[in-house]
Amino acid sequence: MLQPSTYYSDSNYIYSTDGLQLTNASEISIDSSIQRPIKHSFLNPDLSKKHNTLTFILCFLLGVCYNFHGNITAGASIEIGTKLGEVSLFYYLPNLFYLSNGTTIAFLVFLSFVTPKYPYFSFSCISLIGQYVLTFVMIPLFPPVMKLFNHLDQNTMHTVQSIAISVLSLINGCLSAINFSTFIYISSTLSPQHLIAYMVGSSGGPFLASLINLIDTTSTESNKWVYLIIVCVGILIAPLIIIVYFFFCYKTIPHFHSLFHITEETSFLSINNRIPSRLRRLFLSTKASLLEIKNVVVTLKYSALSLLLVSICSSYIYPGILNNFSVTTVTYDGRVVDNPHYTYHLNLVTFVFTAFDLIGSILTFLPIEPSKKSLLGSSITRLTIFTLFCSVINIGNLFVINNNENDPLIQSTGYFFGFINIVCALLLGITQGYLVTHSILKISKHVEEKVGTNVTLIIISLGSIIGTTIQIMVLSICSAL
């Protein structure tokens, strides 16, 4: 496939945007009278300093849009679930998101082999505008807004809101996949630093959403309305600013504009000088897509396996295995009411995890590049230690707390293990941000960007579905005992 003539380099090698290593930079002899010298640039040498800065900021903001809505729907499911003592929807939501995420990205892989002109700009508009419309639709599901409906019948509201949250999670998964596939390709084509900026932004979106949920949990009744106005105005104006900023860069930076209109050759447009039938083209496209994915996974097996293990580990442990409080508390008169410890701890764990996931992504800017085997070893160690430790501590502790909720000693023990869970969330978050970003960097550097982009999201979706399913099974078994 043809790629734009954009080059980026490290201190020893020069890479082209097809992801192939060309040669050692010291071995290149350039006649300055014929060709412009290739500069070693922190960002893209084909862009001015101003344009590099503008596109770098844009990549970060586009990353923020990736899955901001995911944690908002999660917060809404906690809000409605704790009122009735039933939070199972909260644990099923990630599967809905990643199922539609993986399905959409598989379709995009197929589409990339069907058409020689991939609609990057059209998909960019669909993603950004679609997510902005989704924000409008989701306003009634923001935890601060949901409290305005407390006077209605909670059973009816639970049913309606659960259906709405499930549908919106599926839509969010589709739009997020389009966002990831399009903008991580554009970012990686610009430079590795632009790609890191996008990855940092993709960690920043869930962090902002979890911050909203945590502030809502800790805010008092006196400042609820002020907080409600600030949140609603912020979530409606900020995405609009990002959309305007995207179109500004698209119109004013020619090199950035050209990346959205690349025509790529398709190797099977004709066979023996004959154009194949539609059914034949469909078969060839599907086969080419699967072979391309297989080749990337086999060639970069260390990075691909590392990414898979990180996703499985995080999705299994976070957040359900890190919450050692029961969802409900039985009061003295026999009524079952929501447990404030459960909601607060869950929001706190989410905030800490996403905050340090963001910090871990930022740490990849450091001039330290771990080897592919180091990444895999770290991922295996992370999976083994955290899976065993968190499972033993929290599942055993949950049995004790459920049976002795009102015992002061048991409550103190619960708070102590709650603190341990916060520390685990911190370590899980920072290692995920660092390992995932480095794994994606290695995949994008050594394969054609669009293929690498799609493969990474398929691996993340698969790992997350596996991890979340195991978490649901473990928690279901424990609750039944």
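Placed from the backbone N, Cα and C atoms, the Cβ positions cover glycine too.
Here is what TrEMBL says about this protein:
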TRANSMEM  53-69  transmembrane segment
TRANSMEM  89-113  transmembrane segment
TRANSMEM  120-142  transmembrane segment
TRANSMEM  162-186  transmembrane segment
TRANSMEM  195-215  transmembrane segment
TRANSMEM  227-248  transmembrane segment
TRANSMEM  302-322  transmembrane segment
TRANSMEM  342-368  transmembrane segment
TRANSMEM  380-401  transmembrane segment
TRANSMEM  413-436  transmembrane segment
TRANSMEM  457-477  transmembrane segment
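Fewer than three CB pairs closer than 8 A are found between the transmembrane segment (457-477) and the transmembrane segment (195-215), and contact between the two stretches is not assigned (pairs 6 or more residues apart). Under the criterion of 3 or more C-beta pairs below 8 Å, with sequence separation of 6 or more, the transmembrane segment (302-322) and the transmembrane segment (195-215) do not qualify as touching, having fewer than 3 such pairs. Within the same chain, the transmembrane segment (227-248) stays apart from the transmembrane segment (89-113): fewer than three Cβ pairs sit under 8 Å, each pair at least 6 residues apart. Taking every recorded stretch in 53-69, 89-113, 162-186, 342-368 and counting its Cβ pairs under 8 Å to the transmembrane segment (120-142), the highest total belongs to 162-186.
Between the transmembrane segment (162-186) and the stretches 53-69, 89-113, 195-215, 342-368, 413-436, it is 89-113 that has the most C-beta pairs under 8 angstroms. Packing against the transmembrane segment (413-436) from elsewhere in the chain are residues 199, 203, 306-307, 310-311, 313-314, 317-319, 322-325, 341, 345, 348-349, 352-364, 375, 378-379, 382, 386, 389-390, 393-394, 397, 400-401, 460: each is 6 or more residues past its ends and has a CB under 8 Å from a CB in it.
Cβ atoms under 8 Å from those of the transmembrane segment (342-368) belong to residues 71, 74-75, 78-79, 82, 193, 196, 199-200, 202-204, 206-207, 209-211, 213-214, 217-218, 318-319, 322-328, 418, 421-422, 425-438, 441 of the same chain, restricted to positions at least 6 beyond its ends.
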